[in-house]
């Protein structure tokens, strides 16, 4: 019996050993598979990091003379810079308001473009969040400076019409020219853009229309609780709400949904590296800050002469102040954005064109307009959001038309032509419109 039990025990031990070996092999294979998976993921991350390298801007080593050369002499538009000092000379020697206004208007044009350039250079060193705030602040600094000078002089209607004209110009003329030029270059197809972003922007513009529409309706229906004061109180309250909404929009754009607002290039890795190299700043951070200060001071100086000459230019040229404030001034302030939007559209980067045109309209309607109401509140000026019935209706119809054109998420040269023709109708309407506040107040 004992002899029979020995082989059985041996067989049991052999089976146990083989089972242990199988378990060890399976564990070893699992560890090996996990190691290979980790290595593969690391290799994939490494390949991604090499394909899309983190680009850090390299500060150029410029001298003062080289910085002056880059900012002043490397842009053909700066050939118009001498018109600014010439306007000041004409003001003191001839005192012709019409010529002072015209020369100042031309002299401010390159300064507005250089302000945008200096802002972009400084944004290269600050990162996307602060850079976005800089662009939001200095993107329409020319209109803000002109508006503050006019507000200081009590010319509330000039402030309202200038800001309104800038919104209309960006939505119709700038966007229309971008659609038209981009459509001519790519005439065989419809250019596409992000429909979701366009919907959010249209909603913000409609909110701005709401803030401007209700004080006008309250005024013309004579339904104020306290005549004269309820309209102003509503405007100031709505302005604070609009500023909060704009701050939330900036957070949404720069933080919460930053990926949606920074579309990736659909080109190859080589184009990605090329675009990263193009974003390297041309001047240093402190040079950009100094140039921003100089250009802002120069724009402020010329804006004072410009505002003083508006009424005289209107009389000498026999042109309504409403047309000068709504059409001529915004075209100068939007000159840089106009060129940038067209350039992006001709490169089939329509999201950037919309960011320039519609984004600037949002900045003015949701930031500049309520900001001027708050500044006027501090100055003791009774600026409100009642832009009068004609102007408010013009803004409302324009926003509806633009939102209708953006709802499909595509554009062509015909849509651009329609927007340009709409702007011509707006310009003609303001040319024959008699402003009830002829004194600018």
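The backbone N, Cα and C atoms fix where each Cβ goes, and this holds for glycine too.
Feature annotation from Swiss-Prot assigns topological domain 'Cytoplasmic' to 1-69, 119-129, 188-196, 253-286, 333-354, 406-412; the stated evidence is sequence analysis. Feature annotation from Swiss-Prot assigns transmembrane segment to 70-90, 98-118, 130-150, 167-187, 197-217, 232-252, 287-307, 312-332, 355-375, 385-405, 413-433; the stated evidence is sequence analysis. For 91-97, 151-166, 218-231, 308-311, 376-384, 434-441, the entry in Swiss-Prot reads topological domain 'Extracellular', with the evidence type sequence analysis. If you look up Swiss-Prot, you'll see 139-174, 333-368 marked as region 'Cation selection'.
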Restricting to the same chain and to residues at least six past its boundaries, which positions have a Cβ under 8 Å from a Cβ of the transmembrane segment (385-405)? 160-161, 164, 167-168, 171-172, 175, 202, 205-206, 208-209, 211-216, 218-220, 231, 234-235, 238-239, 326, 358, 369-370, 373, 411, 415, 418-419, 422, 426, 429, 433, 435-437
Any chance the transmembrane segment (413-433) and the transmembrane segment (167-187) have 3 or more Cβ pairs under 8 A, given the pairs are 6 or more apart in sequence? yes
Tell me whether the transmembrane segment (355-375) sits in contact with the transmembrane segment (70-90), defined here as at least 3 Cβ pairs under 8 Å among residues 6 or more apart in sequence. no
In the topological domain 'Extracellular' (91-97), how many residues does DSSP call helix, how many strand, and how many coil? 4 helix, 0 strand, 3 coil
Which residues of the same chain, at least 6 past either end of the topological domain 'Extracellular' (91-97), have a Cβ under 8 Å from a Cβ in it? 305, 308-309, 311-313, 315-316
Mind checking which residues of the chain, 6+ beyond the ends of the transmembrane segment (98-118), have their Cβ under 8 Å from one of its Cβ atoms? 71, 75, 77-87, 90-91, 138-139, 141-142, 283, 288, 291-292, 295-296, 298-299, 302-303, 305-306, 308-310, 312-313, 316-317, 324, 328-329, 332-333, 335-337, 339-340
In the same chain, residues at least 6 away from the ends of the transmembrane segment (287-307) whose Cβ sits under 8 Å of its Cβ atoms read 62, 67, 71, 84, 87-88, 91, 100-101, 104-105, 107-108, 111-112, 114-115, 118-119, 121-122, 125, 138, 141-142, 145-146, 149-150, 153, 155, 158, 281, 329
Who are the chain neighbours of the topological domain 'Extracellular' (308-311) in space, where the CB to CB distance is under 8 Å and they lie at least 6 residues beyond its ends? 91, 97-98, 100-101, 104, 150, 153, 155, 158, 321, 324-325, 440
